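What follows is a short report on a single structure.
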Amino acid sequence: MVPQKQAEEAIVPGNMNENDHQVEEEAEDIHPRLSFKSLVWHGGSVYDAWFSCASNQVAQVLLTLPYSFSQLGMLSGVILQVFYGLLGSWTAYLISVLYVEYRTRKEKENVSFKNHIIQWFEVLDGLLGPQWKAVGLAFNCTFLLFGSVIQLIACASNIYYINDRIWSFLGLGMTSYTAWYLTIAAFVHGQVEGVTHSGPTKMVLYFTGATNILYTFGGHAVTVEIMHAMWKPQKFKYIYLLATTYVFTLTIPSAAAVYWAFGDQLLTHSNAFSLLPRTGFRDAAVILMLIHQFITFGFACTPLYFVWEKVLGVHDTKSICLRALARLPVVIPIWFLAIIFPFFGPINSAVGAFLVSFTVYIIPALAHMLTYRKASARQNAAEKPPFFLPSWTGMYLVNTFVVLWVFVVGFGFGGWASMTNFIKQVDTFGLFAKCYQCKPPPAKH
């Protein structure tokens with residue numbers, strides 16, 4: 001227990017001195033401020049980290065889950081959501097453990113992180129060496145790049161369903177509103193005439209849907225950045241699981257309800273908005289999702305900005321203008337790729353199979369096993385195995401299962417299925433499609 005206690009005491013973000021940390025701790029733990037500001041933003045608290053994880057985990061993918069249910073069937077859709085939600089929470093836990101280990105070791109060497117944001121590839125570099133750094137950097141940056149592309153595609157897909165006069169709406173619970181709108185609107189609408197629920201019918205569709213759900217709960221590419229902003233990063237350990245538990249209350253009811261109402265029609269409508277009648281409630285949901293997608297776009301882009309700034313050597317500068325100019329080259333390829341491949345839904349599965357599988361599931365599990373492969377490393381670990389799995393053998397068994405399952409099912413079968421489906425979309429709609437799966441405009445008389 002001694003190394004764990006030392007780790008908790010050692011980890012204080014570099015941009016806060018000890019007095020500031022104590023003041024914030026008192027404000028958080030002893031005398032919480034009952035103000036609107038404290039409810040929405042309280043700095044580096046557990047609440048802020050939970051909010052960041054929950055909002056970053058589910059955005060546009062909420063609209064594609066009914067599409068996945070039509071590919072998987074109701075039972076498989078629910079089971080796989082819970083399964084991948086727990087799997088994603090486990091690897092987020094592993095990432096938090098490795099971050100604490102890395103930072104503890106560095107702070108014992110008197111390394112300062114003032115004006116420096118720790119990122120996942122730096123954790124891999126510090127614990128496992130430059131080769132792991134290169135692998136982690138390649139997968140993470142590519143995943144974040146395409147994650148940003150997906151948010152832009154989702155924005156374009158949703159803008160189609162509102163008129164041009166409505167652009168701004170601000171409120172809390174954007175995703176929550178949209179999820180419950182989908183649920184209630186589907187039940188109010190009722191089942192369409194002759195509705196059928198034939199899924200699963202084809203292996204390619206089944207594994208495409210399964211990989212989209214794998215992608216859904218793989219939203220912790222920015223976990224390290226969220227932890228670094230916390231006053232006590234060690235408290236992050238179970239935050240992602242709590243965030244995922246809340247996300248279940250949004251994703252499962254909404255996907256099940258829309259699939260119940262429209263059935264197999266969803267196989268050709270990857271955006272759930274496209275099947276629901278236009279009302280003020282739907283317009284509000286579309287606007288809220290647009291706002292959320294722009295926020296998530298920022299979440300995904302920010303780590304890319306940091307990496308690019310470090311490459312150019314301007315990450316530690318205090319000049320906002322210089323850093324803003326340095327970030328421009330990051331945005332251009334994101335917009336270009338979003339315009340080329342506007343395949344809202346199928347692109348999620350492709351990114352899930354080829355990027356999320358490694359970035360979010362396989363690499364953290366392997367990195368954890370290799371970091372603690374020696375008895376001395378396990379003995380001096382800053383974080384011991386969790387209370388529900390108190391042995392290192394159990395940790396290694398779970399990590400081995402994660403690596404094998406995701407490699408075979410997520411990357412193997414999922415990669416085959418998602419690429420088959422993606423190529424089909426290119427053949428059907430072509431590149432630079434003006435409006436993917438949109439209804440044709442009414443004929444002019």
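For all residues, glycine too, the Cβ spot is worked out from N, Cα and C.
Just so you know, TrEMBL annotations never went through curation; they're auto-generated.
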Of 145-168, 169-192, the range TrEMBL labels transmembrane segment: 169-192
Recorded stretches the transmembrane segment (350-372) and the transmembrane segment (169-192) touching, at least 3 CB pairs under 8 Å: no
The transmembrane segment (78-100) versus listed stretches 169-192, 204-226, 284-308, 393-417: most Cβ pairs under 8 Å: 204-226
Contact ranking winner - 169-192, 204-226, 393-417 against the transmembrane segment (284-308), Cβ under 8 Å: 169-192
